[in-house]
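A.B. asks: Can you read through this structure? Questions will come right after.
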Amino acid sequence: MTYHVVKDPIKKVAIFGGTHGNELTGVFLVKHWLDHGAEIQRTGLEVKPFITNPRAVKKCTRYIDCDLNRVFDPGNLGKNMSEDLPYEVRRAQEINHLFGPKDSEDSYDVIFDLHNTTSNMGCTLILEDSRNDFLIQMFHYIKTSLAPLPCYIYLIEHPSLKYATTRSIAKYPVGIEVGPQPQGVLRADILDQMRKMIKYALDFIHNFNEGKEFPPCAIEVYKIMEKVDYPRNENGEIAAIIHPNLQDQDWKPLRPEDPVFLTLDGKTVPLGGDCIVYPTFVNEAAYYEKKEAFAKTTILTLKAKSVRSSLH
């Protein structure tokens with residue numbers, strides 16, 4: 001038998017909005033669902049909408065003290081609770097207590113974490129584990145349901161780039177990234193796309209719980225290779241900006257000779273290297289402080305075995 005039986009049905013699901021307080025689609029949807037939950041309820045499933053960084057949401061800023069989406073590591077989660085801790089580290093401990101603990105039996109089954117990007121990434125699903133049959137099947141279902149609207153899958157598995165994401169406390173963490181949308185702004189088209197992504201994701205879980213078997217499938221993913229910083233001068237200040245040919249061209253092939261940066265005196269800086277890459281998070285506003293102009297990805301195919309719930 002090639003069954004990959006996922007032992008149990010999915011019971012507990014959370015939808016996080018406001019992990020970054022100025023990414024408003026998730027904030028708006030979660031606040032709506034807190035008052036009008038019917039849209040996200042599915043029979044036999046507990047679905048909990050939750051605002052993860054309320055202080056940052058109130059101020060409409062990405063974070064108060066530090067990036068909440070980078071502090072869910074054992075070091076931060078294990079620190080002694082005190083007023084001296086950064087707000088987001090205290091908040092991470094609270095969230096881990098409510099929805100975790102991370103890597104335990106009691107943790108939530110699925111967490112959807114809703115994000116916006118200023119980059120032209122369209123509908124993007126973020127995958128942290130290339131060997132997770134259940135999530136590959138879910139992403140395949142969402143992608144197929146959204147068609148002809150494109151849906152990109154970004155695989156952030158990498159030996160040296162560690163992301164201690166808010167959603168990583170769940171057994172099945174799902175990052176949802178929709179753009180382009182400026183920080184602090186709501187766009188109806190982006191809202192509609194994110195809403196559909198959640199609908200199809202919940203439909204998939206519902207179908208799985210009801211005993212539907214999903215046959216083996218394959219998905220194309222964009223796997224992170226490395227992050228590229230802006231060219232800088234001796235003071236560490238940005239010396240060149242994203243080239244117009246690269247702007248808004250997320251997920252499009254980029255060749256070694258293609259220009260990626262432009263200086264104020266008109267010099268272009270080519271990609272370099274020896275292979276075609278697929279850029280993403282191009283000119284993301286939030287990543288200037290992280291010194292990331294774009295990320296280079298490569299295309300892979302991931303295969304999943306058949307999955308079904310053990311109750312059927």
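Glycine is treated like the rest: Cβ placed from N, Cα and C.
Take a look at what TrEMBL says about it:
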- E177: active site, proton donor/acceptor (ACT_SITE)
- H20, E23, H115: Zn(2+) binding site (BINDING)
- R62, E177, Y287: N-acetyl-L-aspartate binding site (BINDING)
- N69, R70, Y163, A164, T165, T166, R167: substrate binding site (BINDING)
- 10-205: domain 'Succinylglutamate desuccinylase/Aspartoacylase catalytic' (DOMAIN)
- 218-297: domain 'AstE/AspA barrel-sandwich hybrid' (DOMAIN)
A.B. asks: Go ahead and report the DSSP secondary structure tallies for the domain 'AstE/AspA barrel-sandwich hybrid' (218-297): helix first, then strand, then coil.
C.D. replies: 3 helix, 31 strand, 46 coil
A.B. asks: Return only the integer: C-alpha distance in Å from N69 (substrate binding site) to E23 (Zn(2+) binding site).
C.D. replies: 13
A.B. asks: Roughly how many angstrom lie between the C-alpha atoms of E23 (Zn(2+) binding site) and Y287 (N-acetyl-L-aspartate binding site)?
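C.D. replies: Each residue's Cα considered, E23 (Zn(2+) binding site) and Y287 (N-acetyl-L-aspartate binding site) end up 14 Å apart.
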A.B. asks: Within the domain 'Succinylglutamate desuccinylase/Aspartoacylase catalytic' (10-205) only, compute the mean pLDDT.
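C.D. replies: When the pLDDT values over the domain 'Succinylglutamate desuccinylase/Aspartoacylase catalytic' (10-205) are averaged, the result is 95.
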A.B. asks: Give the sequence-ordered set of same-chain residues, not counting R62, E177, Y287, with Cβ within 8 Å of the centre of the Cβ atoms defining the N-acetyl-L-aspartate site.
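C.D. replies: Checked against the 8 Å cutoff, the neighbours are H20, E23, H115, N116, T117, T118, F281, E284, A285, A286.
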A.B. asks: Hey, of H20, R70, T165, R167, E177, which of those recorded positions are within 10 Å of R62 (N-acetyl-L-aspartate binding site), Cα to Cα?
C.D. replies: H20
A.B. asks: Express the distance between the Cα positions of T165 (substrate binding site) and H20 (Zn(2+) binding site) as a whole number of Å.
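C.D. replies: Each residue's Cα considered, T165 (substrate binding site) and H20 (Zn(2+) binding site) end up 12 Å apart.
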A.B. asks: Do you know which of the recorded positions E23, E177 has the most other C-beta atoms within 10 angstroms of its C-beta?
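C.D. replies: The residue with the most neighbouring Cβ atoms within 10 Å is E23.
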A.B. asks: Taking the center of the Cβ atoms of H20, E23, H115 at the recorded Zn(2+) site, which other residues in this chain have a Cβ no more than 8 Å from that point?
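C.D. replies: Counting only non-site residues, the set is G18, T19, N22, G26, R62, N69, L114, N116, T117, A286.
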